[in-house]
Amino acid sequence: MENGELGQIYFGKRIHIKNQYANLIKRERREAMPSWKVDQYDFQPDHLKQEYASLGKGDFREPAYQVQQENGSRITELQYVDYRLQKGKKRLSGLPSSFADESGDVETLAVYLKDALSGLTVTLRYSVFPHQNVIVRSAEFVNKGKEHLVLRRALSCQIDLPDSHYDFIHFAGTWSRERHEVKRSLQPGIQRISSLRTESSHQHNPFIMLARPQTTEDCGDVYGFNFVYSGNFLDQIEVDQYGTSRVLIGINPEEFSWNLASGATFQTPEAILSFSSQGKNKLSQQLGHFYLNHLVNPRFSNADRPILVNNWEATYFNFNEDKLLSIASKAAELGIELFVLDDGWFGHRDDDTTSLGDWFVDRTKLPDGLAHLADKIHGLGLKFGLWFEPEMISLESDLYQEHPDWMIAAPHRTLTPGRNQYVLDFTRDEVVDTIFKMMAKCIEEARLDYIKWDMNRCITEMYSSNLSPSEQLEMPHRYILGVYKLYQRLIDHYPNVLFESCASGGGRFDLGMMYYAPQAWTSDDTDAAERILIQYGTSYGYPLSMMGAHVSAVPNHQTGRVTPFETRGHVAFFGDFGYELDITKLSKEDQKQIRAQVNLYKKYRRLFQYGNFYRLESPYEGEKNVASWEVVNDDQTLAIAARYQLLNRPNPSYLRLYVRGLNPDQLYRVNGSQETFYGDELMNAGYFVDQVLDINKPITGSADFSSRLFIIKAVK
Ligand code: GLA
């Protein structure tokens, strides 16, 4: 802009490149607005599209950053200095981040800005991933002056959209009820979702969308924003007096500040921006492709994820080696591939009051040790996985006896337990180091193939005796950096271990975690009916390979609901499939079903884990009584759709299933049908779903929560 600050022109569907865009930076002089005199021109920052705005120079919207100088002033004037364009995208150091090598067509633009008075420089980075319509943004602050500066806010991205005719769609919930879709139209003022729990949280997921009101799954404009971070975040949209919308994404400025001594650097995490003019399905698909190609650990991003059985809901804390082996051998017999030993194998943990931090085997439950159990499990032809909660400590633990000062606590304040446990101060290197060593020993002893990394409480009394008073507000971010440090170290040392992240289910279902742990336990709620809502909501922002989904017992342990075994399978298929129930106690009929489900999943695993996902009918709309979705392979020769009916309806309306993503000119069969159907026929005219019951056979059991699977294969 005329004053040397960076303006914003446009973000949306691709338009032609020109040398100048006078039309896009046109402005009118409005009364009663502060203005900068730039030459003869009245320049009023309060209604300009800015690239990375500060507060205090006439733009009164909430800013992207704020830096306090030694004299207390928060005024800065970042001026454009230079730019550089490079091939590829380098990873950030110490933070989860996107990546691309220099051989492809990903490019990274760095724009250098400087505040001459303080010596602060800011580098704004933009990496463009043209195949997935994604831009990754971050900001790097360097103090090149002599003063001590304090960063009071440092967001990763600001977008000033020129109007506010959007629906703000986000994903809210709580424990066991994560990521339910919420939709509201933008209104004047600030609307935001955020977390101050030092976890991305069950309550609000960092992924949001702004969609034109008429946008559907298959057409219309929609922006998606996500954040590669697992701690306190802010997603904010401010609709101003002239109806523009400022989007801010980044670390929550509340409970944050950072000392930037002379010479010091601060790098923000990355924000992910994406746009689709072809509706929300397309947006979700391009984001999924982006994560798998440019964010998730390449060793696993395209690998078959194993079918697992987890003993948590089968035994809780009450097990011994025989019990575990009986589950494992049944699992092997049924074709399951990975046995996961959940909470309760360490210290002397018989309930949730003890032993966190004591990552050595409980000899009363497993007298022959981990290696022995692991050998037996590997001997059955299964992979072996173990549960850890590395960031936690129980008062009743050896670790606490030895290092009471390693627990997060505020001086002279009472403690606030969560699930009877406390949190380790991961800002301390010696803590990260000790936990690494304990985990490493287990990994080697048991030759672990998989780790479930849990995190079952958010953090209170945020204070570290390791930090000076002026550094205390750095703690929430430093804590997360400590978590990332441990993850990175484990992955560097044990690259073949598959991590699944978990935080009381889906409390840390975020891209920061996904960088290290390619899959996450979607929710502690395993009830099929509830899972439809959770997985449907989650699918807007995350691909199926990131969602752990298990078949569990009925009555369901979270809701008490009884759903058919078949439906539980049909829901869990759409994710990283597994079982979470005592499979040794099942009827022959149920065991037969498991074998059939396992075989079907193995046959179509690539599709279920990596296919292009389409939401067809939303459980959040209409009567809220049905849902359907579909996955299609890349060459459009195979698709599987599922339709779920929550409450049964007598004598229902005629039903046609309208699928998506097929080749219009290709002939297909549905569930091995005699008749063949063109792709365009199935997508536009629909597939007739037969629902008529035999009137002479009254329904005896419950017909609620039924489901149907449609396997659609191209005719060769
Ligand atoms: C959390 C997890 C569960 C289970 C328990 C064990 O709630 O989400 O899956 O691992 O902890 O305590």
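Heads up, the Cβ atoms here are built off N, Cα and C, so glycines get one too.
When secondary structure is read from DSSP and collapsed to three states, D454 (active site, nucleophile) falls in the coil class. Note on D454 (active site, nucleophile): other Cβ atoms within 10 Å of its Cβ, all shown chains, come to 23. Residues annotated as active site, nucleophile in TrEMBL: D454.
For D524, the entry in TrEMBL reads active site, proton donor. Proximity of D524 (active site, proton donor) to non-local residues of its own chain (separation of 6 or more, Cβ distance below 8 Å) is seen for W175, S176, S504, G505, G506, Q558, given in sequence order.
Feature annotation from TrEMBL assigns substrate binding site to W175, D342, D343, R419, K452, W453, D454, M455, N456, C502, D524.
Marked as domain 'Glycosyl hydrolase family 36 N-terminal' by TrEMBL: 4-261.
Annotation comment: TrEMBL describes 627-712 as domain 'Glycosyl hydrolase family 36 C-terminal'.
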Practice item. Averaged across the domain 'Glycosyl hydrolase family 36 N-terminal' (4-261), what pLDDT does the model get? Just tell me the whole number, please. Key: 95
Check your understanding: How would DSSP class D524 (active site, proton donor) in three states?
Key -> coil
Check your understanding: What is the total of other Cβ atoms whose distance to the Cβ of N456 (substrate binding site) is within 10 Å?
Key -> 22
Check your understanding: Within the set W175, D454, D524, which recorded positions show a CB-to-ligand 1 distance under 6 A?
Key -> D454, D524
